[in-house]
Every structure is written in structure tokens, then in C-alpha cells.
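Trainee: Below is a structure I'd like to ask you about.
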Amino acid sequence: MSEFTTPVTATAVSVPSTSSRLSLGEADLYKEQLPPLGRKLRVALTTCCRPQTIVQKFPIISWFPRYQWSYLLQDFIAGFTVGLTTIPQAIAYGVVAGLEPQYGLYSAFMGCFTYIIFGSCKDVTIATTAIMALMVQPYASISPDYAILLCFLAGCTILLLGLCNLGVLVRFISIPVITGFTIAAAITIASAQINNLVGLVSPSKALIPSWKFFFTHLNKISRNDALLGASSLVFLLIMKKTKDISYGNRIFWKYVSLSRNACTVIIGTFLAFILSRDGSQPFKVTGNITPGLPPFRPPPFSTNVNGTTVPFTEMIGTVGTSLAFIPMVAILEIVAIAKAFSKGKIVNASQEMVALGMCNILASFVSSMPVTGSFTRTAVNNASGVKTPLGGLVTGSLVLMALAFLTQTFYYIPKSTLASIIIAAMISLVELKKVKDTWVAKKADLFPFLVTLLLSLFWSLEYGILSGTIANCWFILYSSARPKIELSTEKISEEVFGLVTIKQKLDYASAEYVKEKIVTFVHKQQSEGINLVIILGNEIHGIDSTVAANIITLKEDLQVLNCQVLCWNWNISAAGVICRLQPEMRPIFKFNKTLEDIIEEYRSQRLSNKASQNTLYSET
């Protein structure tokens, strides 16, 4: 980049008269480079219809032609194992959502089938999760139609975001916020099940009311349910550790561990059935589950509550902010899970959003509540050695078979057994190691974690994650508003000057801060005879018009203090913003010169101006 020879102005005098326009060469140099929106739009419109783009939106076109018969057995084993895990969990999460148990099963098969076509990660299993069930519970308790409508609307929102390639939005939610949200949800869900674990029926599933009811009704605890629930919970926690047994066949122990939920339900159901043959029922059981497959029909856009018809607009007003938060949490869950099991592959977040959106839209036609990726079932799928997403076909088929033929058996599933399954699953979500890692890495990150955790526990999950994200963004804005600036007094050839080194990009938030720091510095150093401030800008890659305006006023303020400002080695794009705003500022920019050269040029100019002034006084 060539250096222009426009003279440096003297310290205590105003800027010499120059043209208000940049020269032709300077105008070209400082011309703003606008993004080629027209060309990008044409490219986007051209590429959206290419076969490659279609293949990207339908990953099955890519992997299915390469499918090998040797994969079939592995996919069948994995799908079958996941199905055994899914059925009891689906029933349990239907209860968490405040729905009849069959709604959990309705939510557990369509996502498996749809993800085969649109999903890009072989391990991901789509179904309802504990967090989704908890978030939909306030509305599902009014009418199941609210849960089904939320499933459809969440799917439409997620699909639209995915098609617009807005997967980047999930990057704005940090790991501490996700950790706080997950732990809060796990504590809330487990607390809601503590009464079912011991045979109590709590009128509320909220955190504090659940525990208050538990401690005020200790005398009404059912001994049989409490004994079965506690035993089931201990059994699940022990079974989870069997995969770590080092002796014997490791694969055998792994599958023993994976089958723990199914074994717990089978044992509990068998005990409830055997002990009730004399007509008594020692445990509180799930009860009747509507048999058969759900009808395939559009989601309800109106409902009937207590004999009153509720129109679509009123339903939307009731669910309110959940229309935004449920899709956001669903996206977070599936993207985080896909990344965790990608094994070095790049996860296309936007494609995962397309897949999840289609899963929710189609699932809403079979009376499903909102679904997303399930970490537990995905882990089971991965551990079972699944080869392709085709394992979901077996899982979904197994759920359909259970709905068609096993609903009478589900009548005897003890509620305490389901509660133990949910609590055991929630224990694994409380990842205290991540909290410890955050403490060790950067203690300040615990602030958004605690904001998210506490507000999610004692206010609501939706506002908890929103507040945590805002707290996290506040950290970013605060850092942006107070950039790292090094100010020092330097001396070259008997010339004392201030050197300002800015270590990051400047934007409007930091504009006033930078100006205040430099002016304050000059005030304090006036006793040193500083008449020059040099701002080193080789790390300033871009500025906005607010920063440019503040640099211009900084020059004027320093002139009042009998001080000159020069900008050394700034990026052309950053310098151009200032020069376009006020062309007279061009002389303060110095490129491709050493500090010694700049000081020598400044001294020469100052001596020349001083000589001119002395001559003027002599003539006077």
C-alpha cells in the first residue's frame, strides 16, 4: 500500500486548508466495499434447484444406495434395544406432560420414521424428552390438543429456520447456559416424581409445591409403593454401572446395562400382576391405556375445554412465549446431541433443523406432543453399534406393535416404577463435572450459569434460558464496550509522545470509552510535555460510523489540549470509514512507516511551522 505525501499538521494550529474531497486515487483506495448481494442472490437461486442441494436436504439419497446387507443385523439390534428403552420412557414422559400415557407412545414412532429420510446423524433418535414434556405440561393439562398444536407449530418454526440456514443461531447460547438449563430441568422433573415414587398424588408438579406436599404428607406414604420405587431406583443405578464390569464378556454386560429400563418395567409389571390376582392392588398402577394406533389426521386448530369451543387465536394466546422457547430448546437438544455423537464429522445444524421440523410436523398428524433428539436413547443407539438411521425403522415399528398389542399389559405398570425410571434418567443429566470445569476454566462464566439455573428452578424454564442468554450477551457487550487498551509514554529522539495500542475490533459500544481513556491519559501526562498521541491500529480490522465520529471529535479535543493525534498502520477498511466521513482527516493516517520516521516527520513539520510563525511575528 503506497504512502501519500499529504503533510502532517502542526500541533497547536488548525488543519491546513485542503479540498473537501479526496483525490481520485485516495477515493478509490478508501471506497467502501459493499457485499455483492445481487450476485449472492443469483447464486443462491441457482444452487437451490441443483441436484446436490436436493441430496443435502434428503440425506437418505446419499447413504441408502451404499447400504450393505452386513449393516442390517447391527441396525436391527440397535433399533430393537432402543425400542425397549423408548417404550417405558415414552409412557413415563407422557405422564410428565400431564397427558394419558398413550400420548407418550404416540410421540415415539413417527419421528423415528421421518428422521430416516431427513436426518444426517446415524445415532440420533427422535422422540419426546423429559424437558419437552415438562415445557408442554402447563398447556397439555388444559387439553391434549394444545400439546399436538404446539408440536405442529414448533415443527413449522424449526423447518423454516432450517431452510433459511439459521442453524448459526444456536451458537448464541453458551455451554454454561445450557448446563444450567439442563440441571434445572432435571431437578424440576425429578422433584415432580418424588411423590409418585412413594405412592402420593401431588396436585402440583412444580418444584417447591411438590416437595412441600411430600413433607406435609409423610404419614400417607404407601409402604408398598415406596419400597418398590426405592428398590427400582437402586436397581437402575446399579444396572447402569454393569457396563463397567471388566471380567467376562464386555458386550454382554453392555447390553445388560442398556436393557435396565425394560427389565425394571417388566419386573415391576410382573409383581403388580401377580400380587393383584386375589383382587387387591398393592401398588398404584398406570391404569387403562387406550389401545390401538392413533388416527392420522391434521393437528387441531381449535379445541373444546369444559364444553366451550376455544378458537385457534385463543389457543395461540394461551401458549404465548412457548411458541418460541419450545422450538429453541428442541433445536438446542438435537444439535448438541448430533455434535456429541458426530465422531469428528461436521454437523450441519441447519439440516438437523430441517429434519427435526419435518419430524414434528408429521408427528403432529398422529397426536404427538413436541419431539426432539433424546440423549439417553441416542447413547443407547450408539452403544448398540447402529450403522445407519435405518435403525429407527425397527424402533418405530416396536412402538407401533406395543400400541397395537401390549396396551392391556401396560395397565399393570406401577407408577412408582415409572417414577424411578424418570428420576434415574434425570440423575444422569445433572452434570456437576461441567460446573466444575467452568469454575476451573473461567469463574465469571458461572454468572450466566447461576442466572439460568435459579430462574429456571424458581420462575420458569423458558424465562430461565432467556435470562441466561441475556446475561451471557451482557458479558460480550461489556467486553466489547471496554476493549483492551495499552497506553504508554514513549521517547524517540528527545520527542516524548503517547502510544495507544488497541487490542481488538472497535464498534459503537466502545467508541466513547476509547475517547475518554485517551483524553484522560493526555490530561495526566501533560506535565511530561506530551504534544503527540499515536494510535497503533494494526489490530483494528473494522470500525463503524460511531467510532469514526468519535475519532474525529477526539482529534478536536486533543487540539484544545495542544496535542496532535496520528493513526499508525490502521487497516485501510477502518481508515476508510473515517476518511469518507471527513476527508480532512486523511493526513492523520500513516502507513508503511517506522515509528522513528513518523516522529522525524512530525518534528520537521513542527519546526517548519514554528519558523513560519517566527517569521510572521518578525514582520509584524
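Just so you know, glycine gets a Cβ as well, placed from its N, Cα and C.
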Trainee: From the ranges 353-376, 425-448, grab the one TrEMBL calls transmembrane segment.
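Mentor: Going through 353-376, 425-448 one by one, TrEMBL flags 353-376 as transmembrane segment.
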Trainee: Checking feature assignment: transmembrane segment per TrEMBL, candidates 388-406, 559-577. Which range matches?
Mentor: 388-406
Trainee: With pairs 6 or more apart in sequence, are the transmembrane segment (177-201) and the transmembrane segment (450-477) linked by at least 3 Cβ pairs under 8 Å?
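Mentor: Between the transmembrane segment (450-477) and the transmembrane segment (177-201), which are separate recorded stretches, there is contact, as judged by 3 or more close Cβ pairs.
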Trainee: I'm a bit unsure how to read this: which one of 108-134, 146-170, 251-275 has the highest number of Cβ pairs shorter than 8 Å with the transmembrane segment (388-406)?
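Mentor: Result: 108-134.
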Trainee: Is the transmembrane segment (450-477) packed against any residues at least 6 beyond its ends, judged by a Cβ distance under 8 Å, and which are they?
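Mentor: Same-chain contacts beyond the flanks: 131, 134-135, 172-174, 176-177, 180-181, 183-185, 187-188, 207-208, 321-322, 325, 328-329, 444, 509.
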Trainee: Summarise the domain 'STAS' (499-559) as counts of helix, strand and coil residues per DSSP.
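Mentor: Per-class counts: 35 helix, 9 strand, 17 coil.
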Trainee: For the transmembrane segment (76-96), find every same-chain residue at least 6 residues outside the stretch whose CB is under 8 Å from a CB in it, and list them.
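Mentor: 102-105, 107-108, 125, 127-130, 132-134, 137, 189, 192-193, 196, 205, 255, 258-259, 261-262, 264-265, 286, 289, 369, 374, 376-377, 380-381, 384-387, 390-395, 397-399, 402, 410, 413, 415, 418-419, 421-422, 425.
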Trainee: For the transmembrane segment (146-170) and the transmembrane segment (251-275), check the count of CB pairs under 8 Å (sequence separation 6 or more) and say whether it reaches 3 or more.
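Mentor: No, the transmembrane segment (146-170) does not contact the transmembrane segment (251-275).
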